[in-house]
Every structure is written in structure tokens, then in C-alpha cells.
């Protein structure tokens, strides 16, 4: 006779209560390590090195995985995974994922109570970071299960990434009654900068987004805010512009100008400003306010007005980032002496990678290879002038020697676009900041000012299609806060006018006779020994000064096409010049390459600057799943564990 139902239920409950806790290793389905229902706990100091930058200082044992001591936590495969995530994912999603994991391994404890991390934070990170795990054939870690170890906002959760986001400080909060278009003209810490950029992108989500191009040596995100009618997508014949600030950590004016510019573009777009709406609907604009956030922290520690001339200039590796790019200018001068040799899109020499390359520098170079930038400006401080390439003298022994590029006329036009509408650059007073440049109209060839190698502007011009100028915003590298509003007023129109010059010259699409786009076709201009190449969609942009130009389009396997182009002096938009290439009967050998350069492996990955496929990346290749069923390459990180190896990371 079966027992009565209440007695049966009681028996089941007793057996379940007596059942020993399981280990995840034995139960991959995940039916173990469930957090205890009670949230009361005894708080202890947080002592995990990998979690030292968490937003709290106290935790408790057992943790949410039932680890009962520091020794058990540090010996666990979960903790080892957090320790090596940065290397495994090449900096992607880190430190975000690491801090998320810390919230499980070392839960937040306050006043004798455990606080759980928010589920929506976990879900948001998983959506963004899942592709990074898929790329290395690794399963999503079980202890980052958003439904098991995380909870809802209405249950009193907290944001484990709040320290990264930078909480809204009292002096950052906007006074009540002010419109959302209000801009606070103050210095921004790293956390405040990130918060403002993300908040701005959220307000203008239909025309803006933020994204990271990498991390600094100390792990800070190199955060970009983009403005476009279709954020995140390159549109056919829509030119790409980038503005970069704070390459030297103690030169902070450019950093603040770009933070203000981001807010201004968003606000004016929402207010219906026709100029800004037209600009964002026809241009894709990328703003990187701080290329050197680590150096900024050093400079900011001394404070505005007290900063030394060089304190914080370099990055955390003590590298000057504007001397850290490949020296392609020396190679250009050599090639310029060789008849028929191409002196544009010069590949990065292999020996460059033997030296110390900053992660910030590498991130910028990879960014350039990813997006077909047309125009760029790097914002500095310490003088009041606009300089343009070349920055390295054609005679290395000469520290000051006029060394023009083949596009000298266009670079002068771009520089004047900034300087001519800047009230202080046009000030005729001899006592003004940067008075030495008055007779030159506040613009100068870089090498004619002072010569140096490894600069970012020369690299842009010689490795890509992008034309970059350098803007010195003022003689004070770290201006006091009260000077920032005036500085913005002086530079706002110059910044807008400069960005608008990307719509000068010609643009178009190169296709074959079937209408298929021709990628990496060369666009040459007679009399200017510097070609540009078409983007993957076959579109191109050629910045040109007013005048009559003979333009040639050519590609391997096609006959060249020549067109005469007239650009009127008052033309404010790029003229459209399309090319249809006809195939050659004799094949690609009729295409004139100049000196063929088959450079060595490019550590940045992807296509080379000449558009040719590079050799396979051995690092990328090893990340593919093994056909023979052996363990993936990352398994070696966990072989030191005698037991409890993380089989839960394996997909097969």
C-alpha cells in the first residue's frame, strides 16, 4: 500500500536535504553550486589580486560557487580563467568580463548581507562578448550563467561594472532645470569621459554609437564615439573622418574639445540644426577623445595649471606615441628616387615589429586598416599652429627643412580650413601665443618647424588613403578649467569647417562592365605622385584642390581609364566621377605595378596596405577547432590543474 501523499513528500524533502553537494566537473548539466537562498553573511576583506579593482572591498565565504576559502578560490579553474581572459580574448570584453566573474567568485558583502550582481548587465555582456568566445572555440563559462548567479533590479541587484562606467559624481550632476543640450565645460576624468560619451550615444542612438578600438597598456578602453546616419555601417561614397585627441597625455585641450564636440553634434542634431543634420547625414565621423588615457592620469594627478612640460606625455610604457609609428617617410624618400616605383601605400617593414610597439599605436593602425578614412586631425597642445606632412625632413641631418608631400596644395588647403576661421590663429598680435607663425598664416610644414620620425600624420599619408593634419590648440598644455569654454568657442567652428572639407575634390565608384565593384583599383592624378585606392565596395574619395586634373583609374586585368576633371574654386562638395573598367585581353600583366612589394606577414592581420592578401596568421590559424578532436590551443593554460580541469569550456 503506498504511503500517504504528505508522508511521501516529507520523505523526498528529507532525502534531498541529506543529498551531498555536487561538483560541476561531475555534472556538466550544471545542477549544482546553486547559491544559498539566505543572503546574510559574515563580511571579510577582499584579497583576490585579480579582483583588486572591483567596486567594493568586502566579500564572504562560501562564495556563490561554494568555495570556502581564498586558497580554494585561487586554485580553481574559474579563477584561473579570469586571470588569463585578457590574453585569451586579446583584450576584448576585458576588464568587464573579469569583474563580472569576480562578482560571482568574490560576491559583494555589505553590513552582513550579500548583494547579487544584476542580470541585465550579464545578459548585455554575453550578447557583446559571445562572438569572442566563439572565435576561439570556447564555450560560455557556466559561472557566468545570467539566470543562475545574477538577479533582477527589483530584487536589489548592483552593477559590478559601476567603477568602470564612473558613477555620476556630485560635481558632475547637471543643475536642475537645465536642458539636456547643456554642456559642462570642465575637465573629465577617464570614468567621466566614458560616461559622457556613452550617455551622448544613448541620447542620439539613431545617429551615434560608441565602440572600442582596443585598450591602453594599463587596460583602459580607447573609446570612440561615431556619428552617422547609419552608425556602425560604411555607406557607399560616404566619406569617413576621424579626430584624435590626447595622443600626449599632458596635452588635454584636444581631449576636452572632442568630448564637447560629441555633445554638440548630438544636441544640435536633435534641435534640428540643418548644418549639423546635413553633416551627419553625409559624413561618418569618428571621435577618439583620448588616445593616451594612461598618460592623462599621470598629468591629471598634478592638476591643471601645475603640470610640467612632459609629465604624462608618454604612455604607461614611457613611449611617446607620436614617435612610435613606423618610419615610412625614409622609405618614401628612397622610393621617390626610383623611376616607376610606387611611393604610396608603403607596407610596414618587418623590422618595425622587433621594437617596442605600444598597444595604443597598434590599435590605431588596425583601426586605419579597418575603416577607409579619408581625412583626419590630431589635436595637440603647446603652441598655436596647424602643421601638415611631412614631419620628417628629406635630409635627416636638417632639423628644419621644408619637406612637402606630393599633395602640398591640398594639405595647405586643409590646414587653412582650420586656421582661417580660428579667431586666435588669425589674431595679428605679435604677443599672442604662437606669434612666430603669424607670417605663415598659422600653418606650417611639419619638417619646416622641427623634424622627427615615427609620427602619426606621415604614417596616415604613406600607408593609407587618409590625409591627416596636426592642430596645436594653444600654448598651455593643461589649461585651467575656467579657460575651457573660451577654448571651445575658438575651436568649434574650425572643427566643423575642417570636417566639412572632406567633401572637396572628387568621389565615385569603380566597377567592371557588369557593374561589379573593383576593390583596390588605383586612382591616379597626373602631376601628383600619390595614388589612392578604392574601398571594398569600389568607392573612392580623392581630396583635390580647385583646378583642372587628369584622373586615371586602373586595376590588374583591366585597361586604364582616363578622364579630365574640372574642380571650380567655389565648389563646396565633391564632384562625382565614376569609372567603368574594361578587361584586358592579355591579362593582368599589362597593369603597371611599379616596383612590386610583397611584404612579410603583417601582425595587424587582414589585407595589406596594397590590398593583397597577406600570408595566413599563425596565431589566428591556431584558434580554429582541431579537426582530429584534440584539445584547443587554449587548453594549455589549464594543464597545471591536477583535478577539476574546466571541461565546461569545451564545446565538443
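Including glycine, each Cβ sits where the backbone N, Cα and C put it.
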Check: So Swiss-Prot lists 248, 251 for Zn(2+); which of 86, 120, 380, 395 goes with them?
Finding: 380
Next item on the list: Could you tell me which of the ranges 560-594, 595-629 is annotated in Swiss-Prot as region 'Disordered'?
Entry: 595-629
Next item on the list: Compute the mean position of the Cβ atoms of 248, 251, 380, which form the recorded Zn(2+) site, and then list in sequence order the other residues of that chain whose Cβ is within 8 Å of it.
Entry: 246, 247, 250, 254, 313, 322, 379, 381, 382, 477
Item checked: residue 248 (Zn(2+) binding site) as reference: those recorded positions from 43, 51, 93, 118, 122, 281 with C-alpha within 10 Å of it -> none
Note to self: Helix, strand or coil by DSSP: which one applies to residue 122 (disulfide bond)?
What the structure shows: helix
Note to self: Check the DSSP secondary structure of residue 380 (Zn(2+) binding site), expressed as helix, strand or coil.
What the structure shows: strand
Notebook entry, point to check: Out of 251, 380, 472, the recorded positions in the record, which is closest to residue 157 (disulfide bond) when you go by Cα distance?
Noted result: 251
Margin query: Check the DSSP secondary structure of residue 43 (disulfide bond), expressed as helix, strand or coil.
Written below: coil
Margin query: Using a 10 Å radius around its CB, how many other CB atoms surround residue 102 (disulfide bond)?
Written below: 26
Item checked: Cβ neighbour count within 10 Å of residue 43 (disulfide bond) -> 17
